[in-house]
Amino acid sequence: MSSLSVPAHVPSVAEDCEQLHKAFTGWGTNEGLIISILGHRNAAQRKSIRQVYAETYGEDLLKALDKELTNDFERIVLLWTLEPSERDAYLANEATKRWTSSNQVLMEIACTRSPKELLLAREAYHARFKRSLEEDAAYHTHGDFRKLLVPLVSSYRYGGDDVNLTLAKSEAKLLHEKISKKAYNDDDLIRILATRSKAQINATLNQYKNEFGNDINKHLKADPKDEFLAILRGTIKCLVCPEKYFEKAIRLAINRQGTDEGALTRVVATQAEFNMKIIKDEYQKRNSVPLDRAIAKDTTGDYEKMLLALIGHGEA
């Protein structure tokens, strides 16, 4: 007879809630317990935990966390505990309120989420802020930035893989023509980036490289200090290779004088369940250091522990 191994006990949602409640009571907060639970639960489990916690203890888990935690650790735990669409709505609202021409968060959300995810983020924005994301993006931005960002956040792209090669060839020529004339804010250029499917844009940019010998982003580096060109390059990166965009965002957050915790927290909280494995591979390839080691060297305490739990999220 073969002996069957007994599976390890998987905590129920009720047990998780009870443990979290315990973490908030008594002498001081048990941060380790919070990390051991929330840092190892997927989006569906976290949603259930929030519902059951509210029903059991009559308080929103987010409020309890907000009362007990502080600083960067609080922010990463709160962002992570939100549903992905709520998190995007929260980050987008924060970005509009603190908008500067170097702030790429709105573009990042608009271009790296699937059509359905962006739609859910817009619905969550309506529900939470009683305004539309489009209206806030239009109100808080200006000039060329508004011209690009409003259609990006309003977009509902085709999400499939079908590609029209004839169209890709003609639009690659069109993009080259506009960029050659430095018409970076041209209506057609923005229309292509804001409305075409990611597969179609990828095909167009491959045609561009074949035809004109360089990646489009090389041609968009005419003036490295131009922030509109930077956001155009970011848009293209986010649409066709988001893992490279996020690797760079993490690298810049860690490698600057003093860590940019805001950027590091945002990328880890939004990407842990989606692209983190690819981002980690990309980071190691680019920097010859594993991402967990780079984060451990640059952060401390409970914040560091939560980040490390999340970048290992979903790995057996």
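Cβ atoms are placed via backbone N, Cα and C, with glycine included.
For T299 (Ca(2+) 1 binding site), the same-chain residues 6+ apart in sequence whose C-beta sits under 8 angstroms from its C-beta are D72, T259, E261, L264, L307. Residues or ranges marked as Ca(2+) 1 binding site by TrEMBL: F24, G26, G28, E68, I254, R256, G258, A296, T299, E304.
Here TrEMBL flags D298 as Ca(2+) 3 binding site. All protein chains included, D298 (Ca(2+) 3 binding site) registers 16 other Cβ atoms within 10 Å of its own Cβ.
Its Cβ taken as reference, G28 (Ca(2+) 1 binding site) is surrounded by 9 other Cβ atoms within 10 Å in the chains shown. The distance from the Cα of G258 (Ca(2+) 1 binding site) to the Cα of D298 (Ca(2+) 3 binding site) comes to 9 Å. Geometry remark: D298 (Ca(2+) 3 binding site) versus I254 (Ca(2+) 1 binding site), CA distance 7 Å.
A C-beta separation below 8 Å, combined with a sequence spacing of at least six in one chain, links I254 (Ca(2+) 1 binding site) to L264, A294, I295, D298. Within 10 Å of the C-beta of G258 (Ca(2+) 1 binding site) there are 6 other C-beta atoms, taking all protein chains into account.
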